[in-house]
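Shown next, in structure tokens, is the structure this report addresses.
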Amino acid sequence: MDALRDEEDAAAPLVAAPVASRRSPAADAHILSAAFLFVFSAYGAAQNLESTVNTKGDLGTVSLGILYTSFTLFSVVASPVVTRLGPKRALVVGSSGYVLFILANIVPTWYTMVPASLYLGFCASIIWVGQGTYLTSAALGHARDNNLPEGRTLGNFTGEFWGIMASTQAIGNLLSLALLRNGKDGGSVTGKNLLFVVFLGCMIVGIVLMCLLSKREEKGHNDSLHSSFGAMLKYIVAPLKDRRMLLIIPLMVYTGLQHAFVWAVFTKSIVTPVLGISGVGGAMAIYGAAGAVCALVTGYLTSGLYSATLIVSTGATVQAVVLFWLLLFYSPMGGVLGAVAPLLIGALWGAGDGMMNTELNAVVGLLFEDAKFGDMATQEASFAQFKVWECGAVAVIFFLSPHITLQAMLILMTVALFISFGAFMLLTFVVEKSSAVKS
């Protein structure tokens, strides 16, 4: 009997092993997307309202400027933090900043909004580096497990994620549209606190979903590489020695500019004068829906750098048309046409954003998958680089927007679009030429 019991004990781990098997990479990608759907449906809608509901002393706009300045600075150390925590823990810890920011908006003062914005800057830096690392790891793991092309698989995963992220604008802003009402004086709004309590509930659901993710490449060690601030800076400086990174940085900057343009300028200077504060939710919902559809479609059309270049070109053209329309022909007017114009602008801008943002994330993950920046891991460094430039650009727009005219902002956006698109086309040429030489 003892011998039989010993045999059963020895066999037990073999029998239990299938039960403890790790969740598939595709399932983890779905859970990650769902978690971000809940968190950013709330945060995105709250951010869109900052420049219109917290107007005293430009509290909302200044808070967002502080947030994205903090985001930029903390992105310098985000890579080693994510490497130590592991992407899953970074996602969970990072989500806490979004909860605090929503709580601060329920009692918006300089003493609540500024500290919350500073802390959210740190949390956002690690949650987005963690997201890029986790999603790329899941996509490439799925490709290897199923013998699929890495470029197409990464495009599919990225398209799904950014399609769902774009839809957060539709969902969150429909909540705003349903719960907010213009005040009797036309310059105030009712239902704000109830809306932010609903946002808080959405974020709690998102955090619970993040806790359900499988662990992926979670090192959690005290590597001597990360033992000093100078070593941390290598994560930002070292990638700049790669010519491909230098050529893609302008598009990273433009991505930040065009996002901040929607959040700080479009809502305040184009939507509110025509539709009122309560109309911001509807306009941004259309913007998000258009972005979601385009992100999903373009993600599945992506197979490599060539297809990404075509899609980025289409997105850039769409946004260029919107900028020239606003610069040369647009002026607020009444009636049905006047009400439709901001909605159409939002839809076109969202479509361009969905195309370019999806492809930029896919290209970063694909180009720097196997590269080495000295002796450091490249995925975290690449996505941290992305966030440094993107968030720095967002901060610039939030600080500039109260002080310059709409025309000056449109000229800045147009120049930035042409420079970033030209640099991306040169990147395509460099990569294709390098591939031809190797072959």
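Quick reminder: no glycine exception, Cβ is built from N, Cα and C everywhere.
Bear in mind that the values here come from a model prediction, so they are computed numbers and not experimental data.
What TrEMBL records for 29-46 (among others) is transmembrane segment.
Under the heading transmembrane segment, TrEMBL lists 66-83 (among others).
If you look up TrEMBL, you'll see 90-111 (among others) marked as transmembrane segment.
Taken from TrEMBL, the feature transmembrane segment covers 161-181 (among others).
As annotated by TrEMBL, transmembrane segment applies to 193-213 (among others).
Nonlocal intrachain contacts for the transmembrane segment (245-266), taken as residues 6+ away from its ends with a CB within less than 8 angstroms of a stretch CB, comprise 47-48, 50-51, 61, 64, 68, 239, 283-284, 287, 312, 319, 342, 345-346, 349, 352-353, 356-357, 360, 363-364, 367-368, 382, 385-386, 389-394, 396-398, 401, 406, 409, 412-413, 416-417, 419-424, 426-427, 430. The annotation transmembrane segment is assigned in TrEMBL to 245-266 (among others).
Taken from TrEMBL, the feature transmembrane segment covers 272-298 (among others).
Taken from TrEMBL, the feature transmembrane segment applies to 305-327 (among others).
The transmembrane segment annotation in TrEMBL covers 333-351 (among others).
For the transmembrane segment (410-431), the residues of the chain that approach it from at least six positions outside its boundaries are 243-244, 247-251, 253-254, 257-258, 261, 305-306, 309, 312-313, 316, 319-320, 323-324, 326-327, 367, judged by C-beta separation under 8 angstroms. Annotated transmembrane segment per TrEMBL: 410-431 (among others), in sequence order.
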Given pairs 6 or more apart, does the transmembrane segment (90-111) have at least three Cβ pairs under 8 Å with the transmembrane segment (333-351)?
no
Is the count of Cβ pairs under 8 Å between the transmembrane segment (161-181) and the transmembrane segment (305-327), pairs 6 or more apart in sequence, 3 or more?
no
